[in-house]
Amino acid sequence: MFITAVYLIQGGAVVQWVGLGFESRLGAHPGAGRHRSRSIAMSVSLDKEAYYRRIKRLYANWKVKWGINAVLILVHTNVGSHSLRLVPLQTWLFGYELTDTIMVFCESQILFLASKKKVEFLKQVAVTKGNENANGVPPIILLLREKNESNKANFEKMLEAIRGSREGKSVGVFIKDRFPGDYMKSWSDMITAEGLERVDVSAAVAYTMAVKEDGELALMRKAAGITSEVFTKFFKERVMEIVDADEKVRHSKLAESVEKAIEEKKYLGGVDSSAVEMCYPPIIQSGGNYNLKFSVVSDKNHMHFGAITCAMGVRYKSYCSNLVRTLMVDPPQEMQDNYNFLLQVEETLLKELKHGVKLCDAYNTAVDFVKKEKPDLVAKFTKTLGFAMGIEFREGALVLNSKNQYKLKKGMVFSVSLGFSDLINKEGKKEEQKKYALFIGDTVQVNENDEEDEEEVDDAEKLLDCGTRGAALLADRTRNEMTAEEKRRAHQKELANQVNEEAKRRLTEQKGGQQIQKPRKSNVSYKNISQMPQEKEIQEMKLFIDKKYETVVMPIFGIATPFHVATIKNISMSVEGDYTYLRINFYVPGSSLGRHEGNVFPNPDATFVKEITYRASNLKTPGDHSVPSTNLQNAFRIIKEVQKRYKTREAEEKEKEGIVKQDSLVVNLNRSNPKLKDLYIRPNIAQKRMQGSLEAHTNGFRFTSVRGDKVDILYNNIKHAIFQPCDGEMIIVLHFHLKNAIMFGKKRHTDVQFYTEVGEITTDLGKHQHMHDRDDLYAEQMEREMRHKLKSAFKNFIEKVENLTKEGLEFELPFRDLGFQGAPYRSTCLLQPTSSSLCNVTEWPPFVVTLDEVELVHFERVQFHLKNFDMVIVYKDYSKKVTVINAVPVNSLDPIKEWLNSCDIKYNEGVQSLNWTKIMKTIVDDPEGFFEQGGWSFLEPEGEVGDGEDSESEMEDETFNPSAEEDDGDEDDSDEDYSSETEDSDYSASLGSEEESGKDWDELEEEARKADRESHYDEADEGTRKRKGRASAAPPSSKKKRRR
């Protein structure tokens, strides 16, 4: 039997965010929580590459495995609708939810019946002409929904398509979905009247979506990391506080506090908080009442200090994660043994989760292990051991149980959760102590090898050895937990390989596209001789300046020769005695043409004039109307004027070079447009700063100054829109970092900001100050009110703009808690991360770095005795100059590392400052050679720097000389110890032997005295002579020893 079509329908009003209503409390999808789905607006873009890639996979599985003739998909969001599969499928295909839509997938075409806005949105993939990625994907036919509920004409077109798809006898549907309303009923009746057989394809679609792409896995890793942070840094610490203080806290209240914790930035690792939410309300259980399912609710009982189970999951950008832990307070030995056994069961299960293994086989392996080791616990073991997870929190078709025949595939992600319930605590005296449960779970990824990548980097912990309720909790690691630094190093090691591979691939693709040096602009004075001026000065062989053609006509060997003013490098005039000298220097090959000018001449082999000097008398001869030097003086003045005008025009043209032509601003004449008044603009339009108003229109902003100047900024040209509140600042700012520069004030700008002052930036120090002065108190109160008023006005403006653009433009908010001091320019400022950048917008010039463009970060001058270090940002575009942030306090190093690690950015550190201009030139000139030698691994600290320091310390140790009071035996021992430490160094050994054999004069004198006493010289004079003889003979004997 073949199925003809699978159809999806979704109906309802278009809204921005809707709760789909399948809460587990209502008997629908367990643990779905507040699943947010975005509606479609015309300005929203669709990821075409992802759509083509995924629709191909959907069709490939359909043709091979499903055995149906067409796929019919209905999605409905009205009250009373019930949709489990359709919203995740649409999110997977389009990135958004298409409400009020019917989709029919046939063998040779795809039909959509939708409203006007969604039809406009779908046109992005409906036109496949010229798109290589569309190959193999059936064309899309868009049908506009009629206002009446019947839509018979459109329904007939879709039924005709179903009839023509294969045999046209069956359609694939999602059987469990229910859609009320006349619109859906009329469509369902037509399907029934047609006699088409309905076949459920829910499981088949789920299996197709279960294999995750790299981008999806990255989002799930991020979600899992946030879940781990919230559990480790908030929930576990909070439980310890409760036990220490012997507080009485209800499970429901503790669960609410966990939900609020995900709104705090310190647990989010720098991600956008608006994209983070709980998959389901956290489930906290203790005191003998346990239900090891994700469809239960935290009850209102007080937390009991025994076995505390906690289940929580965070959803990030529609993708889910899950974590389950059990915390134990003062557990008996039997409880600890059962917990350790549960960990062994999980490890056994994880070893089975690999490509090609059936879900039932993995389940049976875990159950058999329990039967073999502790058969009495089999009846208390959970009936299922987990489920597949992705956009959908719990995929009902891919559950780890004894009956599921589906095979695991590489790239699938599972929430593994297993436990024992109704366990008896023999030492329990109170009713709530007699029963307990153990429950653990992680988010894991299926691989091809025997190792599973656990997404949850935090390990299970249990709280042990708590004698009384008021005692402190001692946390013992029951799994091998890494420290934060070890985790960072492990992650950085992975990133190092990724950076080298991606950079090598990127540079290989760019090979051959090297930038060609631009030749110097060739300026022609006159195209033909007819344009040559016929002035009197030329006939008299004087200097003449033609302002129209910007040319200096000079007499050379009796011939009037024109030179364009662009060829003149500089001119100088001097008076020596009775003569005036005018010296003119020209640009020639080999001379410096300026910092930003090309040094390539169009015809470098030609003959060039380097300089010309003219001399004229300062004395007036009889019969002359003027002094001869007057011509040189006038020429000097006019040449300067023409040069200045030419250079000004060239600078303006250079500013306009590379400017991308922007679309025209579509002005909305509606008076209710979002608008902010009394703002200043930076950079200034004129020399003086002027106030104006910023107004949001259909496709961009327009700033209008009080004198009528206009600056337009289009939404599609904004790379970063940053809102800097006035908390801790003297100004409140809206900053726009642009993709392409715009021109105003005769200059090009990529950063434009609008701000207003919220307090006195300057303070009168001569004014008498008193802490209880009424005027000062009133001024402070007024400033607080003004700050609050401005903050509310700006936030209101931002919300209106985001609503106007249908979330197409999102404002980023700097995370002040993650900020650090640094000097990207001349002065030190507070640099603050946002969700996608590192910025400072309160100082001018502003500093904005896009994190997606960063290749790696290198910390220079990181030494123990220094208070500051430098931070070098290397971009993926190696032709772009590196950014150096100077004077970063050393106490900010660890927070910066943590932030960079959470953003998946590679970092290194070293003790020296490097010549980055030379390094980047070497890489660009020979990228293959650079990466063959290890790429960026030369920045790793385990290099020559450590060896150099060791050898230096060895040299210092070797130069140490023992004092004269030590006896020979002590000297020998110390030498032996030292030589054993430095036996690897031949140089150190030879140096040590020299130091050992050489003796100073005091030692020689002491040896002479000993010799005198042994020889029993009684006469002082003879002893003195002997000592002098020995002393004078000492240096030669020392030299002989050194020769040996």
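Cβ coordinates come from backbone N, Cα and C, glycine included.
Across the compositional bias 'Basic and acidic residues' (482-494), DSSP helix (H, G, I), strand (E, B) and coil residues number 11 helix, 0 strand, 2 coil. Annotation comment: TrEMBL describes 482-494 (among others) as compositional bias 'Basic and acidic residues'.
The annotation compositional bias 'Polar residues' is assigned in TrEMBL to 511-528.
Residues or ranges marked as compositional bias 'Acidic residues' by TrEMBL: 941-986.
Per TrEMBL, compositional bias 'Basic and acidic residues' is recorded for 996-1024 (among others).
TrEMBL lists 46-205 with the feature domain 'FACT complex subunit SPT16 N-terminal lobe'. The average per-residue pLDDT of the prediction over the domain 'FACT complex subunit SPT16 N-terminal lobe' (46-205) is 73, rounded to a whole number.
Look at TrEMBL and you will find 543-703 tagged as domain 'FACT complex subunit SPT16 middle'.
Here TrEMBL flags 820-910 as domain 'Histone chaperone RTT106/FACT complex subunit SPT16-like middle'.
Taken from TrEMBL, the feature region 'Disordered' covers 482-528 (among others).
According to TrEMBL, the region 'Disordered' annotation covers 932-1044 (among others).
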Residues outside the compositional bias 'Basic and acidic residues' (482-494) whose C-beta sits under 8 Å from one of its C-beta atoms, at least 6 past its ends, are 457, 897-898, 901, 904, 906-907
Taking DSSP H, G, I as helix and E, B as strand, the domain 'Histone chaperone RTT106/FACT complex subunit SPT16-like middle' (820-910) contains 16 helix, 43 strand, 32 coil
